[in-house]
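The feature active site, nucleophile is assigned by TrEMBL to Cys333. Summarising the annotation, TrEMBL assigns active site, proton acceptor to His786. Here TrEMBL flags Cys197, Cys200, Cys217, His230 as Zn(2+) binding site. What TrEMBL lists as substrate binding site is Trp207, Arg219, Arg220, Tyr221, Phe222, Tyr257, Tyr259, Asp262. Taken from TrEMBL, the feature compositional bias 'Basic and acidic residues' covers 749-765. What TrEMBL records for 173-281 is domain 'UBP-type'. Sequence annotations record features per position, and here TrEMBL assigns region 'Disordered' to 75-98, 494-516, 741-765.
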Amino acid sequence: MADVGEVLMSVLSTIRVPKPGDRVHKDECALSFSSPESEGGLYVCMNSFLGFGSQYVDRHNARSGQRAYLHITRTRKAKKEDDNNSGSGHPPKKKPTRLAIGIEGGFDVEQEQYEEDVKVVILPDRQEVASDDLTTMPDVVRERVSLSMAGIMAADSVSHTLQVQQWDGEVRQESRHAADLKQLDNGVKIPPSGWRCEVCDLQENIWMNLTDGKVLCGRRYFDGSGGNNHALLHFQETGYPLAVKLGTITPDGADVYSYDEDDMVLDSKLPEHLAHFGIDMMTMEKTERTMTELEIAVNQRVGEWEVIQESGTTLRPLFGPGLTGMKNLGNSCYLNSVMQVLFTVPDFQSKYVSNIDKIIDEAPSDPTQDFKTQVAKLGYGLLSGEYSKPALDPGDENGASEPRGDQIGIAPRMFKALVGRGHPEFSTNRQQDAQEFLLHFINMVERNCRSGPNPSEAFRFLVEERIVCQQSQKAKYTQRVDYIVQLPVPMDQATNTEELQEAERRREEGDSSAPTVRAQIPFTACMAALSEPEILTDFWSSAVQAKTTATKTTRFASFPDHLVIQIKKFTFGLDWVPKKLDVSIDVPDTLDLSALCATGQQPGEELLPEVAPPPLMTPDVEVKAPVLDDSTVSQLCEMGFPLEACRKAVYYTGNTGIDAAMNWIMGHMDDPDFSAPLVLPGCSSVTTPTESLSEEHLATIVSMGFSRDQATKALRATSNVLDRAVDWIFSHLDDLESMDVSEGGRSAAESEGREPPPGPRVRDGPGKYELFAFISHMGTSTMCGHYVCHIKKDQQWVIFNDQKVCASEKPPKDLGYLYFYRRVAE
């Protein structure tokens, strides 16, 4: 075997020192969830700075030819016994006093202590070089390798950079009204205690308006607690923007709310503003909880949280394949819950997990940025059972105690960074709506599965909308693609109305002991609200050539293999304040939607005539091509529809948006001229964008390594805009690799007279389903709180609460937010 110094010299040109901007993956394998703490540690390529677990480093060496890797292993230090240990084996956690993460007084962020071992390993012979060994080597070797080792260890890992370690929910901005706040000289003086709402006599949650000194109660919360909105109503009547919460005033400050800015704010002149009404800020003492303390209480409260998380019972931890927990990366429970459910769907398992070896073999040089690889990595991590092992109890290095619910689990950092990249919400560490993330992820799957099996088809279905003009009784049928059924919650159908009214009456009378009563809504009432006709009061009827009243009825034109139902719990009050409906719905285990199957045009029923809008012309200038919304055309093309059909859809719907254009397409897919070029009224020639393609733009794209046909397709899809065409072509590589285009610009299938598939495929079958999973939300809105999911595995309900995976004793099926059904085989 060659001397290690000579080997290092031979690979010295491939060893790089990280520069600012280099992505250093030293915490997680690019192809698995191995880390420096895993068995075998992590190998970081000293050229690309990609990390690989022991099972994948040889593969990377063989494929890339890179030989020098920094091998990092970490072992956890034994934790010192806490002086205040309660004796339960768990150090007591301080109660949070600040709405923050990772800073003093905030919610704890677990920080493990590790001993680290670092050395250079040369493959394929696995020759090892420790830091001390470098002292005997030539200066050029010692300097380059030492700098690279130090640079890799000192660099912020990608996971650290992406993960916000500190978040402070108490950071407030100075109100724009504070400096010049108008205060009325009305002689009002506020006593130092004994405040009551001037309207309803409520004694809690009392606010004083800083303009006129009115003392009124605060907002009503989603669960019926709080105030009666009198302070808010006063602002809406007067426009006086700032109010201070009485009882929170101390020499250090107070809670100040700006109704105009709709946020908690700072008032640098608060002592002066309070003195105007006789309040000496320096002598006041705190008697009420601040808004921050109330929010912290909401994030720790029992009730809904306790029931959904099944906190009242001792749950049996589960381990094994398909029972893997996911670490919460800071408000990532929405992602964890959705992905746990999706990877119980056979389509996602077969697409990404069954083919993982093939996917990894075909992965690009930087697999951290490849969608298919990262989804497969996540799916395998959840289903394999490799990471479904009990987390060591702090202080129990030998694993002698009974396993707790927590697992080692997986931390989906790369996946979260990739699917959230460029998105204004999912790229942050803020809490998000699980339903919105589900649709976002399905959209990404759609874009990345244009060739080959598409697992999103499991959820895709067609909706038929039937609109009947009440004046002419003629009908119009349209179809659209959807993935989720949004089920309304008819609060007026509650079966415990008397209990609700009694609790409301007692609360309005200031009875603090009044119980919080949850509305009981029958599932059948929700389904009835979904299926009942909607009245359209401003419908333009082509039959009568005028606006009139119409009814719209929605039915299933196809039934998907897997049905997702969203309970529309989140709404707005009369004052446009977001609120969550606190309801219990008796969601059934089995569901038969056969009665909601679309029937199409009825015998003897006349259809509304389809009248095209007038040609789109610019004033006084005749144009040869229609003025079309390029973005809508591009979106439709990306869904797989023929370009000319997309152009016609946008034209015949008058550039009114993607929904209208999509409805037009679904209603004309069977037309014999569906894919034929657009012909304008009054024009004898076909209007196509072919003639206007810029040769310069074509040459630019061809010079990037694409064929002329591919460049032509990209420019056509983006109306000859070069920058957009380049973006389009790079986001459609799978499409372009499989395309077979003739010189005329049409596919070979079209040249032979065979029309390509006109649009998205949908599966269909019986409308009978069984419940197999549901996702629940705890908290006041989708932007805060916590998500968990329950999944039925082998006839046993299992609760997935981030890293905790346990057998469910009382699955709270009546409190869910998203419900997942699968078709029952007949």
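Here the Cβ of each residue, glycine as well, is placed from N, Cα and C on the backbone.
Automatic prediction, not curation, is the source of TrEMBL annotations.
In this structure, the CA atom of Arg220 (substrate binding site) is 27 Å away from the CA atom of Cys333 (active site, nucleophile). Among the recorded positions Trp207, Asp262, Cys333, His786, the ones whose Cα sits within 10 Å of the Cα of Cys217 (Zn(2+) binding site) are Trp207, in sequence order. Checking each of the recorded positions (Trp207, Arg219, Tyr257, Asp262, Cys333, His786) against Cys197 (Zn(2+) binding site), the C-alpha distance stays within 10 Å for Trp207. This prediction places the mean pLDDT of the domain 'UBP-type' (173-281) at 89. Within 10 Å of the Cα of His230 (Zn(2+) binding site), the following recorded positions from the list Arg219, Tyr257, Tyr259, Asp262, Cys333, His786 place their own Cα: Arg219.
Other residues of the chain with a Cβ within 8 Å of the Cβ centroid of Cys197, Cys200, Cys217, His230, the Zn(2+) site, are Glu198, Val199, Asp201, Leu202, Ile206, Leu216, Gly227, Asn228, Asn229, Ala231. Counting other C-beta atoms within 10 Å of each candidate's C-beta, the binding-site residues Trp207, Tyr257, Tyr259 are led by Trp207.
Listed in sequence order, Gln431, His786, Tyr787, Val788, Asp802 are the same-chain residues at least 6 apart in sequence whose CB falls under 8 Å from the CB of the residue listed as 'active site, nucleophile'. Taking only the Cα positions, the spacing between Arg219 (substrate binding site) and Cys200 (Zn(2+) binding site) is 13 angstrom. Within 10 Å of the Cβ of His230 (Zn(2+) binding site) there are 21 other Cβ atoms, across all protein chains. Distance noted between the C-alpha atoms of Asp262 (substrate binding site) and Cys200 (Zn(2+) binding site) is 24 Å. Calculated from their C-alpha atoms, the gap between Tyr259 (substrate binding site) and Cys200 (Zn(2+) binding site) amounts to 20 Å. Its Cβ taken as reference, Cys217 (Zn(2+) binding site) is surrounded by 27 other Cβ atoms within 10 Å in the chains shown. Counting residues per DSSP class in helix, strand and coil order gives 16 helix, 24 strand, 69 coil for the domain 'UBP-type' (173-281). For His786 (active site, proton acceptor), the Cβ neighbour count at a 10 Å cut-off comes to 20, with all displayed protein chains included.
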